Amino acid sequence: MTAEETVNVKEVEIIKLILDFLNSKKLHISMLALEKESGVINGLFSDDMLFLRQLILDGQWDEVLQFIQPLECMEKFDKKRFRYIILKQKFLEALCVNNAMSAEDEPQHLEFTMQEAVQCLHALEEYCPSKDDYSKLCLLLTLPRLTNHAEFKDWNPSTARVHCFEEACVMVAEFIPADRKLSEAGFKASNNRLFQLVMKGLLYECCVEFCQSKATGEEITESEVLLGIDLLCGNGCDDLDLSLLSWLQNLPSSVFSCAFEQKMLNIHVDKLLKPTKAAYADLLTPLISKLSPYPSSPMRRPQSADAYMTRSLNPALDGLTCGLTSHDKRISDLGNKTSPMSHSFANFHYPGVQNLSRSLMLENTECHSIYEESPERDTPVDAQRPIGSEILGQSSVSEKEPANGAQNPGPAKQEKNELRDSTEQFQEYYRQRLRYQQHLEQKEQQRQIYQQMLLEGGVNQEDGPDQQQNLTEQFLNRSIQKLGELNIGMDGLGNEVSALNQQCNGSKGNGSNGSSVTSFTTPPQDSSQRLTHDASNIHTSTPRNPGSTNHIPFLEESPCGSQISSEHSVIKPPLGDSPGSLSRSKGEEDDKSKKQFVCINILEDTQAVRAVAFHPAGGLYAVGSNSKTLRVCAYPDVIDPSAHETPKQPVVRFKRNKHHKGSIYCVAWSPCGQLLATGSNDKYVKVLPFNAETCNATGPDLEFSMHDGTIRDLAFMEGPESGGAILISAGAGDCNIYTTDCQRGQGLHALSGHTGHILALYTWSGWMIASGSQDKTVRFWDLRVPSCVRVVGTTFHGTGSAVASVAVDPSGRLLATGQEDSSCMLYDIRGGRMVQSYHPHSSDVRSVRFSPGAHYLLTGSYDMKIKVTDLQGDLTKQLPIMVVGEHKDKVIQCRWHTQDLSFLSSSADRTVTLWTYNG
């Protein structure tokens, strides 16, 4: 033994010991909170098992049943038992919410929660092991509280969910085994190891003290050896060294052969007494928002509940491996509750600072109000807090004092006092809430009137310029008055209005108005601008032509922020879509759609063209084809649809023959535009350093061979640490998604979970990935974990279909999928539900993309057509669709330009076509 020895201790293992102890003592709220903060889980699970655990701990019961569907066809899997476990937990939680609502005297919500509980009970009937079990569950409906039943005396959602997972885990472990990649995560702490180590540590201190007393001649009797134990402070032997072990090693062997009397150690543990109030708060708070009957429902736990329990049991699937983050979920819940599904998801995404949309709120948990649309300052904001700030403060005091004060009355008296005190508060709240809802309805009517003015007020050519200017000024004055009512900052708006009036005056003398902030130009006689007013922006314009009322205009892309130029310039709406109207009748679709977009460039190849991608700057686009050829073409400097009666060949700036050994299936530019990645059925990913100015390669290719099948899609995102580009790639073969640090040339992660070939990828938010697969699912992945954080199936109606393309709108709230059954699905990411599934095409939808402002959805299909869907209306109802392009063979990919109203389409007819808006 050397003079110095080293013992390696991992903090992760210490946390696992603590987690095991908390689990053994049923302190599951604390256990899950520790998992959330540390990112450590006490267990050895596969990625799929971790995801199943996350779904159960989140209370996503429908998703759990959907996730487990592939196992239900196996004979060995006890489908009936598994469904019984899940549905029983769902029933108990619905019952728990019902009890909490009853205690708070909320009759409006009580009916809904009772209905939810009854529905769960009916679903349980066919899966119950016996009639007696079903009768016992029915009996629970008659109890005032679930905890009044002896079996559920100590029941709480956190513990119940953990136990539910443990039971489910035993059933599915055989089918979802831990995989070899997780073996380094360490072993699971068990058998109350922390308690054992504490006791052994105490005994070690006693031994050290006893040996020291023998060495110094101090007399300590055998009965006194254990009397000096102090678990919290120790006995003074705090030095961590090997002196005792070294001393024992120097003792002669004969010492250890001496006979001794074996003694037993009796350990008496004073059990922890949990506060009864904490347990009740756990029942009250985490489940109510989960069962909200509609998005605008004001059911939210009171802020004062944070004094008793700060952890939400319904967190977002956006965070740590264990899925316990509550911050983003709280934001998501708020967003869902303030916007009915009839509002366009695009309306949420306004990049400007000022935002007048009543459905958009401050997404900050520290802000407890939205932009109030009423000059009445005492009106409570129901979307953010169910009671006014004064009432909220009173509620906080009334609940915190009994929990913490020394002069607490009995529990029954406390509850009666709280209920009596809260009755008046809730009555006042409902009165104020009714006033506020009426006020919102009035404001919504005004907003619709303003929008009607926008659509009708500036399109009649027969009105003289003076009348048009008067209309503009009248609308501006009304809008300014409206802004004042809404208490929104008006800094600098006066200058903008002056500039608008000057521009209106200037437009009298000449008809030359710019129509683009980039190179998009039109002749003076055809130029136009539209009067537009969205939530936080005002523009003015002159009409286009007498027939423009039947024309489908694309207006500004970003409805926020002033786009006013200098005094010598005209108002230039940013190229892209806007809150303009794309609505039209079905009969007009085929007749007028060809006029909306015209073909200006066609690139021909010898074989089918699969992949296209615009450079981030918009001046170039890459094309990859089955002929193994990679091209980079120039985007036209000037876009003039009238000058392109006959489509021209684009200028090819860069070309490389046989770039791959096989067909090029996908191409992608890095965010900085300096890397061009391609994927092929030769199973290689190539990354080409590229200079956009010289249009040439700037270094040797990077080649990655981690895939064992065709690479079907690629995507880039910025690296959070190195700042370099992170390449995301996926395809056939092992069905994994691979992430690669291109700056270092190193692989980062292999994300497994899909059971079919991955056909599509999409990235957003700097760390989120969406993937579509032939296994008929879309998976969301969080690279901060990294693991799958949500699975979205396509079996909402029917048997589902392979997902060929995925896209997420710029706000990160709406997912669009293109599927092989000719359907498109719109999915509310934050709400966790499907908004609509519709069939815009008659064959496979191979490409879907949101316009940069998310007002329109571009789709390409094997039916040879390219269509645009208007997303500005009620997303739950039939959406306006128009044909904007057509090929002679299957359409494979479509991509919007980064700035202009243009898009690329690639096809099996061996062409790539550039289409632009025929403005």
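Glycine residues also receive a Cβ, built from the backbone N, Cα and C atoms like all the rest.
The domain 'CTLH' feature in Swiss-Prot is assigned to 45-102. Averaged over the domain 'CTLH' (45-102), the predicted model reaches a pLDDT of 84.
Residues or ranges marked as phosphothreonine by Swiss-Prot: Thr285 (among others).
The phosphoserine annotation in Swiss-Prot covers Ser289 (among others).
Residues or ranges marked as phosphoserine by Swiss-Prot: Ser292 (among others).
Look at Swiss-Prot and you will find Ser297 (among others) tagged as phosphoserine.
The phosphoserine annotation in Swiss-Prot covers Ser312 (among others).
Swiss-Prot lists Ser422 (among others) with the feature phosphoserine, giving a large-scale study or a structure entry as the kind of evidence.
The phosphothreonine feature in Swiss-Prot is assigned to Thr542 (among others); the stated evidence is a large-scale study or a structure entry.
Proximity of distant same-chain residues to the repeat 'WD 1' (604-643), defined by a Cβ-Cβ separation under 8 Å and at least 6 residues beyond the stretch ends, is recorded for 516, 518-523, 526, 598, 649-669, 671-673, 676, 678, 680, 688, 690, 692, 695, 889, 892-893, 895-900, 902, 904-912, 914, 916-919. What Swiss-Prot lists as repeat 'WD 1' is 604-643.
Per Swiss-Prot, repeat 'WD 2' is recorded for 659-698.
Sequence annotations record features per position, and here Swiss-Prot assigns repeat 'WD 4' to 753-791. Counting only same-chain residues 6+ beyond the ends of the repeat 'WD 4' (753-791), those with a CB under 8 A from a CB of the stretch are 47-48, 50-51, 54, 63, 66-67, 70, 317-321, 323, 709-710, 712-718, 720, 726, 728-733, 735-737, 739, 800-808, 810, 812, 815, 817-818, 827, 829, 832.
What Swiss-Prot lists as repeat 'WD 5' is 798-837.
Within its own chain, the repeat 'WD 2' (659-698) has Cβ neighbours under 8 Å at 607, 610-617, 619-620, 622-630, 632, 634, 653, 704-718, 725, 727, 729, 731, 733, 740, 742, counting only residues six or more beyond its boundaries. Across the repeat 'WD 4' (753-791), the DSSP tally of helix, strand and coil residues reads 0 helix, 24 strand, 15 coil.
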